[in-house]
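Undergrad: Input: one structure, supplied below.
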Amino acid sequence: MEHTYQYSWIIPFIPLPVPILLGGGLLLFPTATKNLRRTWSFLSIFLLSIVMIFSLYLSIQQIIISCIHQNVWSWTINNDLSFEFGYFIDPLTCIMLILITTVGILVLIYSDNYMSHDQGYLRFFAYMGFFNTSMLGLVTSSNLIQIYFFWELVGMCSYLLIGFWFTRPIAANACQKAFVTNRVGDFGLLLGILGLYWVTGSFEFQDLFEIFNNLILNNRVNLLFLTLCAFLLFMGPIAKSAQFPLHVWLPDAMEGPTPISALIHAATMVAAGIFLVARLLPLFIVIPSIMYIISLIGIITILLGATLALAQKDIKRGLAYSTMSQLGYMMLALGMGSYRSALFHLITHAYSKALLFLGSGSIIHSMEAIVGYSPDKSQNMILMGGLTKHVPITKTAFLLGTLSLCGIPPLACFWSKDEILTDSLLFSPIFAIIACSTAGLTAFYMFRIYLLTFEGHLNTYFLNYSGKKSSSFYSISLWGKEDEKKINRNFCLVPLLTMNNKKGASFFSKKTYKINNNVRNKTLITVANGALNKRTFYYPHESDNTILFPMLVLLLFTLFIGAIGIPLNQEGFDILSKLFTPSINLLHKNSTNFVDWYEFFRNATFSVSIAFFGIFIAYCLYKPFYSSLLNLTLLNSFQKWSSNPICWEKLINCLYNWSYNRAYIDTFYKKSLTESIRRLAKQIHFFDKRIIDGITNGVGITSFFVAEFTKYIGGSRISSYLFLYLSYVFLFFLFLKILN
């Protein structure tokens, strides 16, 4: 076993050859490199599979013999300065390694088909390989400086992947927004690291925890300063894990390709913030005020993310806000000191949410054949509906992922979320009420997404089935708001959206490729005014096997991964507890290992009842009773069921505006920060251009004219120049004499 640990340092570097070789190949041998494009995807999957096998072996060793293995090398720069780097293997590291590699492999397989049409296929796999290297280096780091180095690399990879389609202005703005927002948190993290080093003199985790605890116990340092350093450290995870108030980048990050959303913004990158808080929990736990701040940020994020997801029409943005809310649950658990529950939910949520994102990608991929290659249309749920019979496998996988996130047993997220809700009851009644209420909201908005996407009929062709001759249709904006626009009665929407029916022009390149495998056509014959009308309609088709296979594997994880936290005997033994022995849990310090099954079933019944209530409300409001686009809006659904529609209209309008406008937080940042900074920049530019440059240029121009004047007075004679020079010197000294 010791021999195995000695080679753990190589884990982050195994996927690195792919981005290096791809980058060099595209620069030096572009044609040959592009001809081997499928080889690069296979190599990426193969290398990451090696890391996964290595990680599984390390995890088994951790379960058998729970230990911490650290190996550090020292790089001495001079007698007073040296830098230490190495690797740190413990149960937390093993969990993150398995999570990164399993989800990463499945996303790479999925991407091989999903990105096959894109001209940036090789660039995509180069970025993915570099991102995997950065994440693996982050979770195996042995000190804070090493973590910060890989933390920044992860941020850079996120910037590149979110802005992968950088020719689209929206994607370019989204990656800049993500980069700048994360820089705020990263700056705080750097200040916190430097502050802790100034106090403790060490960056190594074990030394840092020991020195930090001794300083607080012996009261040898200012507690306020340590609290400030701890909060600055926490700023990094706030930004990286999209916690309030630095959450604004996550929904915009959905402008990247869907596989990126599954890997970075569901399973790994946003989990990096949770990982760092879990890694530094022995440091945070001795400062009660910081623990309360962590739990407070978590509970605010839970509620905010859930409410913002209520009125989203873009399927990926709805899932993004769901991710934000679920990360809040993990942060709440860490703030309560429930280390095991937080990491358990990190695992279950990662697989369930990756399944949902890949499912949404399959839906988008199928819808693109119908509505064209515009995210405004292919991701908009108001143009979907009735996909059950067209994409049955995707529908089944998406439904089970939705039920898991809702907390329905025996799916994965039920077990972990139930633990967090139970622990919140012990921590704070107010926090428990908010957490339980948000569990109901989660079930509501997740089932809303499912119903709008799969139930009813395909809304793209709705006007053709309604039987009404309407002179208007609904133009869907980026956020899904319907704006009624007048059009010609003879205007045909379908041929425009199908883009010549048999070929789809890539949204990102002029090259076309066939999409026959993703579309089916049906001919409808109708009788109007005694004449036969023949029209052909196109419907989405189930995705290819290379897209479905990763979804089915993630479906198995969603079904069975919760078993690692289920007690296997009367003593309460389970795999997760064995892996985290000894673990931190402030809420169950004096509890025995025996499982109170009565209490478990009571709490589970309560949480499942809340989830079913949310599902029932969503079903009542969004089940399509009749064919009308108006039925898909939250407002009109409440009007139909409410006895007092005016009050409901005001309430739901307020809620809709809150969700649609992102709780006005983006607007606040735009008005108070962005526009203020731009005004300040314009004023500084004016001062620099007109005042600073004006003075400099004025001196130069004055000297020029004085020289020209002198030249004409002197008549180009040296004696005249000498006389003028001496006269000026005499006048200068005379002036000084007068002043004195």
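The backbone N, Cα and C atoms fix where each Cβ goes, and this holds for glycine too.
Below, the features straight out of Swiss-Prot:
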type	residues	note
TRANSMEM	40-60	transmembrane segment
TRANSMEM	89-109	transmembrane segment
TRANSMEM	125-145	transmembrane segment
TRANSMEM	147-167	transmembrane segment
TRANSMEM	185-205	transmembrane segment
TRANSMEM	221-241	transmembrane segment
TRANSMEM	283-303	transmembrane segment
TRANSMEM	327-347	transmembrane segment
TRANSMEM	354-374	transmembrane segment
TRANSMEM	425-445	transmembrane segment
TRANSMEM	547-567	transmembrane segment
TRANSMEM	718-738	transmembrane segment
Undergrad: Does the transmembrane segment (221-241) come close to the transmembrane segment (40-60), meaning at least 3 CB pairs under 8 Å for residues 6 or more apart?
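TA: Checked: the transmembrane segment (40-60) vs the transmembrane segment (221-241), no contact.
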Undergrad: Taking the transmembrane segment (547-567) as reference, which of 89-109, 125-145, 221-241, 327-347, 718-738 has the most Cβ pairs under 8 angstroms?
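TA: Looking only at 89-109, 125-145, 221-241, 327-347, 718-738, the most contacts with the transmembrane segment (547-567) come from 89-109.
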Undergrad: Which stretch, 283-303, 327-347, 718-738, tops the Cβ pairs under 8 Å count with the transmembrane segment (89-109)?
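TA: When the Cβ pairs under 8 Å are tallied, 327-347 comes out ahead.
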Undergrad: State, in range form, which of 125-145, 221-241, 283-303, 425-445 has the highest count of Cβ pairs under 8 Å to the transmembrane segment (327-347).
TA: 283-303
Undergrad: Same chain only, please: residues at least 6 beyond the ends of the transmembrane segment (221-241) with a C-beta under 8 Å from a C-beta of the stretch. Say none if there are none.
TA: 151, 154-155, 181-182, 184-189, 191-193, 195-196, 199, 212, 215, 249, 269-274, 276-277, 280, 283-284, 287, 289-290, 293-294, 297, 327, 330-331
